[in-house]
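> Got a structure for you, questions after.
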Amino acid sequence: MEKSWFNLMFSKGELEYRGELSKAMDSFAPSEKTTISQDRFIYDMDKNFYGWGERSSYSNNVDLLVSSKDIRNFISDDTFFIRDSNKNSYSIYFDIKKQKFEIDNDLSDLEFFFYSYCSSSYLNNRSKGDNDLHYDPYIKDTKYNCTNHINSCIDSYFRSHICIDSHFLSDSKNSNENYIYNFICSESGKIRERKNYKIRTNRNRSNLISSKDFAITQNYNKLWIQCDNCYGLMYKKVKMNVCEQCGHYLKMSSSERIELSIDPGTWNPMDEDMVSADPIKFHSREEPYKNRIDSAQKTTGLTDAVQTGTGQLNGIPVALGVMDFQFMGGSMGSVVGEKITRLIEYATNQCLPLILVCSSGGARMQEGSLSLMQMAKISSVLCDYQSSQKLFYISILTSPTTGGVTASFGMLGDIIIAEPYAYIAFAGKRVIEQTLKKAVPEGSQAAESLLRKGLLDAIVPRNPLKGVLSELFQLHAFFPLTKNSIK
């Protein structure tokens, strides 16, 4: 590979740099005219040096290593010449095609030309006046942070071409350990480490950093979430999983919804130890039902697809059940039905208002008719709760709410509230189109369409939801335990 050296940058500080781009000199096309006020030199294919005064024809063909915009004019491999505080010299070379870093310690040829130029009489004897076009103020200014400047250029270049965030040349006591943290964006948009990405030295070919050292990214995945509509990043805790850029509503876990609605320190879960026993011994060639249950439990930390319990909402005691779509699609089996039934019976005995947050794909097919009978069982206890005891039940429909949940307790609330843009239906769009051989109109199963047709009472965003629920409860004579509990 032919090499062309240009743009020497150095200072009298602890670090000295030289930048290189591997590209033939005859392929350097003028990208834009630049005004050059610093003293620079060029090293061509015949290893001849030219100052800007001697070969002024290059002034329009070579850009300074000043910004990422200038670097982008040369799409090729990069090498940086470094001399650390311990007087050790080496270069970091990046091969774009192979995506590997290579640290080279054999720089005798480069050092010869570098120090020859630094000690030249032309450099030492030239004028330092204001009118001198060759005067470089950064050589005199030892406070100029060349390290940060180069790091910024490299970061911008790598981010714009191969989605790498790099932190080069850490100025530490052990300057030979210059760690390069690289985080490569996968197709799903999440940050992950590149498995085949290695850094090696020419001297001993030993790996300085391997893929195992990048567990840092896992810690940040808990703080940030990516919108699946516009792919923007947002902080989980502040935005309530609502994209601040496009307004798209992302899915929330049952624990997040409990935290959103219930006052801190007042949540008392019920029937946490209730698990499915595979009542019909469902057989599957792909994966046994018990294995799917175990896998979902490990992934979500839940025993089944619903959390039930009691707590306080702005000081008002309530009974709350929240379905979790991450647990087998929020499907309703015997455990889900039994937990919701027990919650309603407890709310009936204690005269508590009831909230059920629905997020489900329907009845769980692995439990057959036992899952279908949960629809009738829950509807039966709800009838006693609402009609006989005259208590107040609010149903909150989130995306998606379909199947047996929609056909039973999901649409039985005294007040039915939906989140914006929620997908609410009995049969899914694909099932309807395959059965009827007709296209389903776009948006006909969205919450906004159902509200216009009178199937919903209100569409409430997540931010004011807790306040709206509190006002509805007080309107129906459910008040806080103490006046000071209202926030």
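The backbone N, Cα and C atoms fix where each Cβ goes, and this holds for glycine too.
In case it helps, Swiss-Prot gives these features for our protein:
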| type | residues | note |
| --- | --- | --- |
| BINDING | Cys227, Cys230, Cys243, Cys246 | Zn(2+) binding site |
| DOMAIN | 223-487 | domain 'CoA carboxyltransferase N-terminal' |
| ZN_FING | 227-246 | zinc finger |
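Any idea what these are sitting next to in the structure?
Packing around Cys230 (Zn(2+) binding site) is summarised by its Cβ count: 11 other Cβ atoms lie within 10 angstroms of its Cβ, all protein chains included.
Residues 189, 252, 256, 260, 461-463 of the same chain sit 6 or more residues outside the zinc finger (227-246) yet have a Cβ under 8 Å from a Cβ within it.
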> By DSSP, how many residues in the zinc finger (227-246) are helix, how many strand, and how many coil?
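Taking the zinc finger (227-246) as a whole: 4 helix, 4 strand, 12 coil.
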> State which of the following binding-site residues has the fewest other Cβ atoms within 10 Å around its Cβ: Cys227, Cys246.
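Minimum Cβ neighbour count within 10 Å, taken over the binding-site residues Cys227, Cys246, occurs at Cys246.
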> Give the sequence-ordered set of same-chain residues, not counting Cys227, Cys230, Cys243, Cys246, with Cβ within 8 Å of the centre of the Cβ atoms defining the Zn(2+) site.
Asp228, Asn229, Tyr231, Gly232, Met234, Glu244, Gln245, Gly247, His248
> Looking only at the domain 'CoA carboxyltransferase N-terminal' (223-487), report the model's average pLDDT.
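A mean pLDDT of 92 is what the model gives the domain 'CoA carboxyltransferase N-terminal' (223-487).
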> With an 8 Å cut-off on Cβ-Cβ distance and a minimum sequence separation of at least 6, pull the same-chain contacts of Cys243 (Zn(2+) binding site), or say none.
Cys227, Asn229, Cys230, Gly232, Met234, Tyr249, Leu250
